[in-house]
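Undergrad: Provided herewith is a single structure, encoded as structure tokens, for subsequent inquiry.
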Amino acid sequence: LLSAATVLPCPSPRGIMGDVVQMHFSTPDYVIFALLLVASTCIGLFYALSGGRQRTTQEFLLADRSMSCLPVSLSLLATFQSAVAILGVPSEIYTYGTQYWFLGVSYFLGLLVPAHVFIPVFYRLRLTSAYEYLELRFNKTVRIMGTVTFIFQMVIYMGVVLYAPALALNAVTGFDLWGAVLAMGLVCTLYTTLGGLKAVIWTDVFQTIVMFAGQLAVIIVGAHQAGGMGEVWRKAINGSRIASLDLNPDPTERHTFWTLGVGGVFLMLALYGVNQAQVQRYLSSRTEREAVMSCYVVFPCQQVVLCLGCLMGLVMFARYGEDSPLDKGYVKTNDQMVLYFVMDVFRDLPGLPGLFVACLFSGALSTISSAFNSLATVTMEDLIKPYWPAMTEAKATLLSKGLAFAYGLVCLAMAYTASHMGSVLQAALSIFGMVGGPLLGLFCLGMFFPWANSTGAIVGLVAGLVMAFWIGIGHFVSRMAVPTTLPPIINSTAMPLPSNMTTAVMTTESDQVHVCLSRPTGVQALYNLSYLWYSAHNSTTVVIVGLIVSLLTGPMKEKDLTPGTVYPVLGNLLFFLPECYREILYCVTPLPQKVEKDEDEETATPQPSCRLAHTLQETAL
């Protein structure tokens, strides 16, 4: 969910020549910001008092499986576009140029695979939590491990994603830091608790419109002041900010076509394929076809969002050139630079700064509301209901609302913790990305490899998490330990987040261009792996270790597979083979022979997984 990488750079070691220059909000700015909060709250109240009034868990957690394609797709987009992304992408383009724009290439496969692989499996199993699949495919232990990993991932992230933009806003505008944090956190908790998933989705739709409006306003006004988009593009070319296609295969290079176009696919799969916040939206759709269409609709929307972020960065460069506010000491970090640019552009246009701040916090609201709802869902469905199956529907619904409210308070507590983290803040953000890859690997292990067993899944997940934290923490520590006498590396890498939610932290050590004296080797080369390869590397670790352990401990027998939990990937990829050979490949296992059933057994036992896989293959394409 690193879906679109974003930048939250560390303070630059140079250019801090004085205090941050603060610009202040006018009354119209505060009014527009307040309207965002009021409108979001009203949407929550509307769905709390209309329809079924959120009296069942099905309505509260899955919107009664009644949502249409358009609101689901816009909600998917809003979850993807966090406040950190709104601040980070323009700063990345301003600093390094448009190479990052090639990330859009990864969106195609990153959405096509979920649409035709993950959604058919999850939707037809009628799941509420994505981690229910892990129990159906493996056992309860794997399900709990997956759930606890996801909860850890989201709890660490959601407070930071609320605090980070509020801190930047406070530094640049003097906007009250904890007033903004409390207002956003409490409003989000209120409408999520009252209105359930339906309120979350429709507020996402509203907030997406606000995000588009805020970014467009900045681009239009900024480009006009710079002399038009033609002049913006000319200055970007003259300033070497328009990047050409970089086909360098080196995985330690932060941004190349391969890291963005191929490594980015795995980031997208971790978000749009198996992340509970996104899966929950698929499952809320009226039909499987609507769920699949939502992936197709969100694809062009993502491209538009990426273009808006990149164009903002180019407009920034057209205004400041190489003489950035960071160099002048007007701001202390790159994420503050975007807000400084917005306040500078809208200096004489009251109300428009408030529109962009509403845009910024719409990104934060959409991300943390998705976190609250998805956390309440997995806690209820994976950790509570299995142990209290006799719980009444009324109590289960009330408890689900209580969980959403409790996670809202946890978010505020995590935001307070983030304010005291200092340099550990980047590491906390990075945990989100470190966990996403292993979870993707766990689902792929179960869905694509019928012989994988529960022991292999557990050992594979642990190995993937160990590998992820080893590389991530090793990278962080090695950067902190680099002697100041050594030249900094221009393209540093860092751990991906998102995102949920589709974000990643990328730090910059210096604006000065230096050439590294020697290429990293051995373990150091692993620590310098581009953050865009992290998800691919860690998910592959889970699959390889899981398969090896499964073969050593006894592969799962075909008759023990739950029907519908294995996707016939080999049968689909080898579509050119005769039907008789493809049927064999639908459920490839190392067993010497397939289990045969006579007609009496066929009527008394579940349909063999090979046959169900064949049916899934025919109807999913």
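The backbone N, Cα and C atoms fix where each Cβ goes, glycine too.
Copied straight from TrEMBL:
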TRANSMEM  30-49  transmembrane segment
TRANSMEM  69-89  transmembrane segment
TRANSMEM  101-123  transmembrane segment
TRANSMEM  144-165  transmembrane segment
TRANSMEM  177-197  transmembrane segment
TRANSMEM  209-227  transmembrane segment
TRANSMEM  255-274  transmembrane segment
TRANSMEM  295-318  transmembrane segment
TRANSMEM  355-378  transmembrane segment
TRANSMEM  424-449  transmembrane segment
TRANSMEM  456-477  transmembrane segment
TRANSMEM  531-552  transmembrane segment
Undergrad: What residues in the same chain, six or more past the boundaries of the transmembrane segment (456-477), come closer than 8 Å to it by Cβ-Cβ distance?
TA: 134, 138, 141-142, 145-146, 149, 426-427, 430-431, 433-435, 437-439, 441-442, 445-446, 493-495, 523, 526-529, 534, 537-539, 541-551, 553
Undergrad: Going through 101-123, 144-165, 355-378 one by one, which has the most CB pairs that fall under 8 Å from the transmembrane segment (177-197)?
TA: 355-378
Undergrad: Does the chain bring the transmembrane segment (531-552) near the transmembrane segment (209-227), so that three or more CB pairs sit under 8 Å (pairs 6 or more apart in sequence)?
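TA: When sequence-distant Cβ pairs are counted, the transmembrane segment (209-227) does not touch the transmembrane segment (531-552), since fewer than 3 lie under 8 Å.
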Undergrad: Mind checking which residues reach the transmembrane segment (295-318)? Cβ under 8 Å, same chain, six or more beyond either end.
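TA: 3-4, 69-70, 73-74, 76-77, 80-81, 85-86, 89-94, 98, 100-101, 103-104, 107-108, 111-112, 114-115, 119, 211-212, 215-216, 218-219, 222-223, 226-227, 231-233, 235-236, 239, 241, 272, 337-338, 341.
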Undergrad: With the transmembrane segment (30-49) as the reference, which stretch in 144-165, 209-227, 355-378 has the largest tally of C-beta pairs below 8 Å?
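TA: Counting Cβ pairs under 8 Å, the winner is 355-378.
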Undergrad: State the non-local partners of the transmembrane segment (355-378) in its own chain: residues 6+ outside its ends, Cβ under 8 Å from one of its Cβ atoms.
TA: 25, 29, 32-33, 35-36, 40, 61, 75, 78-79, 81-87, 128-131, 147, 150-151, 154-155, 157-158, 161-162, 165-166, 169, 173, 175, 180, 184-185, 187-189, 191-193, 196-197, 200, 203-204, 206-208, 210-211, 213-215, 217-218, 276-277, 280, 339, 342, 346, 400-401, 403-404, 407-408, 411, 499-501
Undergrad: Near the transmembrane segment (209-227), which residues from the same chain, at least 6 beyond its ends, have a CB less than 8 A from one of its CBs?
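TA: Same-chain contacts beyond the ends: 36, 78, 81, 86, 235, 304-305, 308-309, 311-312, 315-316, 318-319, 341-342, 345-346, 349, 352, 355-360, 362-363.
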